[in-house]
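One structure is given here, and the rest of the page talks about it.
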Amino acid sequence: VKDVVGYDALGHCFFTEDGPEERNTFDHCLGLLVKPSTLLPSDRDSRMCKLITEGAYPGYIPKPRQDCSAVSTFWIANPHNNLINCAAAGSEETGFWFVLHHVPTGPSAGMYSPGYSEHMPMGKFSNNRAHSNYRAGMIIDNGVKTTPASAKDKRPILTLISGRYSPHKDADPLKPREPAIIEHFIAYKNQDHGAWLRGGDVWLDNCQFADNGIGLTLASGGTFPHDDGSKQEIKNSLFVGESGNLGTETMDNEIWGPGGLDHRGRTLPIGPDFPIRGIQFYDGPINVQNCTFRKFAALDGRHTSALAFRLNNAWQSCPNNNVTDIHFEDVPITSRVFFGEPGPWFNDLDMDGDKTSVFHDVDGSVSEYPGSYLIKEDNWLIKHRDCIDVPDWRGSICSGHFAQIYIQAYKPANLKMKIIKNDYYNHPLYLEGALSKSTHYQQYQPVVTLRKGYTIHWDKTAPEELAIWLINFNKNDWIQVGFCYPRGTTFSILSDIHNRLLKKTYKTGTFYRTSQMEKLEHRYPSKGYYYWDEDTGLLFLKLKAQNEKEKFAFCSVKGCERIRIKAVIPKMSGISDCEAMAYPKYMETPIVEVPMPKKLSSAQLKTKDHLLEVKIETYKKQYFHLRDDFAYIEVDGVRFFLTDEGIQLVVIDGYNGKVVDRVTFKNSILQGIPAQIENYVNNIRDHSIVLVTSKGRFISRGPWTKVLEKLGAEESFRLKEKMAFVGFKGSFRPVWVKLVNNEDSAKIYQALPIPVVKKMKL
């Protein structure tokens, strides 16, 4: 099919219908203005979907955005077709949609075995473009229902359903993977997505995305990659947040607003405050390599960012999401990454995937810290004391070895889970589970730091059955977990391996009770131990991987290693929350197993704007009757100690990040001549960063404390014995201004943007 134009069509322009259509080529074809129609469920818009229920089983309640709403210019029911030099524009939903038929439909029924098209390698997809579409420029996802409506599934045949694409040689999942290659694809001015691609091995090369709400989302599977060992990848590609193509303002244009960089009026993809993003991390593993991000700039009221995470995400977040060799042009350093905050579009930011967001900055081209992990700022399951907060990103730069555990809970399946890392037990993480409340089990998917201890608690009586999956564990990786159960509970615990591809499970070992916690270390292939501390209500297990794992696989080469617990719980037992009894008994001393990487030098940076590392710490130590106080301020590795009791200020030029002054005010000045510090602060140049710390029993009250308000501290604070403060002298208050004060210690580790720039208002 060559040099064909489709215009003002209903449902679809270029349509492969039944599923067996393969080895066809669409070359230099153009489809424009595709509208909904009534013929098939996929053709219908929301209104039609509700009104037309022909072929449905009685009692069917349509879900329009799930069952219908699949209008597309190119509807490709078998991936083994070629699309070259084609363009799709103005579709009511999508430009190019690869949809999967588990079995052939219509006159082609029976032409291939079940699942064939879902594993079929993709044909050539090159030099195509999609613009001005509503849902996406391109989608690889979903299937169509291939069975008639029934009491079990009331939806009519050919309704849109879930589907997973995992290309393998000869469409055989037992043979090697054969990645789907998407090259030279251009997607621009699509309202929602430039592309939403779910795999399997789906790899993009030399692609361009511009002026989309979300440039690209790569997905694998919310509870598990459908094709374990595969990855999604994009390399050598360009993402533009706001191009020079401003669009045209019309009288009824609800999506006209200011641009991020120059504040000029322009069309916006979804709404004036939608958080435009280049790439969304979701599921994983994902590899982003040698990509350029251009003109992504947030406003005060619009959280634009080059890199971000799927909004309102209940699903898993893989620590093997990697970025390498990233380039930024006209992207303020404050807009490189955004982890989200409660408010419009992000809602409460309290879904499980929102809380566990993470990616690996392999070479430091995003964060300036090679080998670091970027995490959500309040996730202490993977955060440690040396992590550096980046308030503009609502994230932290950390180091460590990470993996995941999937905890499947049965009987009941509707509990809230609380997981606590023993070395930061004051910072629990609460998870609700990824699955709907109607399922027979619930699945919790935290990212964890390896070689650490944890406890797990519930908001009601503990589940009778648990299956704990070791995910992204390499051989000999381990964590220790204490599970809370009511007193009087008895246990049956075994280990097994589940091969998801062959759908086979075999038992590998049994766990026996021990009266010695130390015996948990003695794990053998067919034998392990558990320790039941009935006084605290904690059942302890050491979860250790026994087998090797391929690089991008979630599970071992033999299958998924699991521990299964069956508990006989006394009737009428109360809430299984053992936190009060567990700590401080099982607290651990915080140890940073993997030191923080060294920050790139200024000569190694690719952009003029950069992060300034600042550390402020003050604490006291008591040796019987002797007391020792310690305080310092550090700026990019240069440390300034405070020797006298009182406070120290370090002043930094907010334009270039250079230290311009350092001064100490002793207690005698703070108490006797407070005007001295007031005059000093008044004379600091505007646009200066001011770092403050205290030492000893400093004078924490009195007129001098008003200077902290001039530097951005919230009013009506009350200082305690130890104080650390990052402030700013200027006409606005940056998000990173922070005051920490406690009786025994105070600490702030932050990376500040240089130059300091005020975001324009939306």
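Every residue, even glycine, has its Cβ placed from backbone N, Cα and C.
It should be emphasised that the depicted structure is a prediction, and the values quoted were computed from it without experimental measurement.
Here is what TrEMBL records for this protein:
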type	residues	note
DOMAIN	1-138	domain 'CEMIP beta-helix'
DOMAIN	402-586	domain 'CEMIP'
DOMAIN	646-731	domain 'ILEI/PANDER'
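The average pLDDT computed over the domain 'CEMIP beta-helix' (1-138) stands at 97.
Helix first, then strand, then coil: DSSP counts for the domain 'ILEI/PANDER' (646-731) stand at 24 helix, 32 strand, 30 coil. Each residue in the domain 'CEMIP beta-helix' (1-138) gets a DSSP state, and the totals come to 19 helix, 48 strand, 71 coil.
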